[in-house]
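Colleague: Copying in the features that Swiss-Prot gives for the protein in this structure:
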ACT_SITE  D118  active site
BINDING   E44, D69, D96, D118  S-adenosyl-L-methionine binding site
BINDING   K122, D154, T191, E192, Y193, E194  substrate binding site
REGION    124-129  region 'Interaction with RNA'
Amino acid sequence: MRVRKRKGAQEHLENNPHYVILEPEAAKGRWCEVFGNDHPIHIEVGSGKGAFITGMALKNPEINYIGIDIQLSVLSYALDKVLASQAPNVRLLRVDGSSLTNYFDAGEVDMMYLNFSDPWPKSRHEKRRLTYKSFLDTYKQILPENGEIHFKTDNRGLFEYSLASFSQYGMTLKQVWLDLHASDYQGNVMTEYEARFAKKGQIIYRLEATF
């Protein structure tokens, strides 16, 4: 979902270089220096307005989190949440999910989150889906052996597509939830969209898969 252009968004990001990594290519292989520790790194591709990545960072101070989104205005709203939280273990990148190998070394990322990604429902747009095989190729390069992807969506079509895509790629489906909010799963941190969908009673699907 597109967010209305936010005035001053670019300046907002540029004025906060501690949290927004403006030259991420230079951080490749050096993320431990960026964070000042060697804690595990988890990334969220398509981080939206930052509720999930900020919530996770506050909940798990022993893990470093990186929120990634290509939309300028969206990332500026995520920065608002990061600044308000003052979480020391979160950073933001404005880059495309298809280019992650430009910013992370092999095995440098320990876990990935894909939350409420654009479903791109038309067949001609299949290659844009973040669970398409070319994206999985990219993710595999930056994750360690048995690296994990945690995926959430309200879109049944995208969920079924992703189940098939992960399986066809040879990934292992560790756990699958067909109605996350009706399950006994503990520790769920919601995105902005998820909270909105939950109020409407929409079903949320979730899975965990490993390479």
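Here the Cβ of each residue, glycine as well, is placed from N, Cα and C on the backbone.
Since we're looking at a predicted model, the values are computed, not measured.
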Colleague: Determine how many residues of the region 'Interaction with RNA' (124-129) DSSP places in helix, in strand and in coil.
Modeller: 5 helix, 0 strand, 1 coil
Colleague: Starting from the Cβ centroid of E44, D69, D96, D118, which together make up the recorded S-adenosyl-L-methionine site, report each further residue of the same chain whose Cβ lies within 8 Å of that point, ordered by sequence.
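Modeller: Apart from E44, D69, D96, D118, the close residues are V45, G46, S47, G48, I68, I70, Q71, G97, S117, L130.
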Colleague: Return one of helix, strand or coil for T191 (substrate binding site), based on DSSP.
Modeller: coil
Colleague: Pairwise over K122, D154, T191, E192, Y193, E194, annotated as binding substrate, what's the top Cα to Cα distance to the nearest Å?
Modeller: 25
Colleague: Let me know the most crowded of the recorded positions, choosing from D69, D118 and counting other Cβ atoms within 10 Å.
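Modeller: Buried the deepest by this measure is D69.
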Colleague: Measuring Cα to Cα, tell me the gap between E44 (S-adenosyl-L-methionine binding site) and the residue listed as 'active site' in whole angstrom.
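Modeller: Computed Cα spacing between E44 (S-adenosyl-L-methionine binding site) and the residue listed as 'active site' is 14 Å.
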Colleague: Most Cβ neighbours within 10 Å: which of the binding-site residues E44, D96, D154, E192 is it?
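Modeller: Of E44, D96, D154, E192, the one with the most crowded Cβ is E44.
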Colleague: Restricting to the region 'Interaction with RNA' (124-129), report the mean pLDDT as a whole number.
Modeller: 97
Colleague: Can you give me the same-chain residues 6 or more apart in sequence from T191 (substrate binding site) with a CB-CB distance under 8 Å?
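Modeller: The answer is G48, A51, F52, N115, F116, K152.
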Colleague: Given D118 (active site) and D154 (substrate binding site), what distance in Å do their CA atoms have, once rounded to a whole number?
Modeller: 11
Colleague: Have a look around K122 (substrate binding site) and count the other CB atoms within 10 A of its CB, chains all included.
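Modeller: Total other Cβ atoms inside 10 Å, all chains included: 8.
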Colleague: Do me a favour and check the Cα-Cα span between E192 (substrate binding site) and D69 (S-adenosyl-L-methionine binding site); whole Å is fine.
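Modeller: Checking the Cα atoms of E192 (substrate binding site) and D69 (S-adenosyl-L-methionine binding site) gives a distance of 15 Å.
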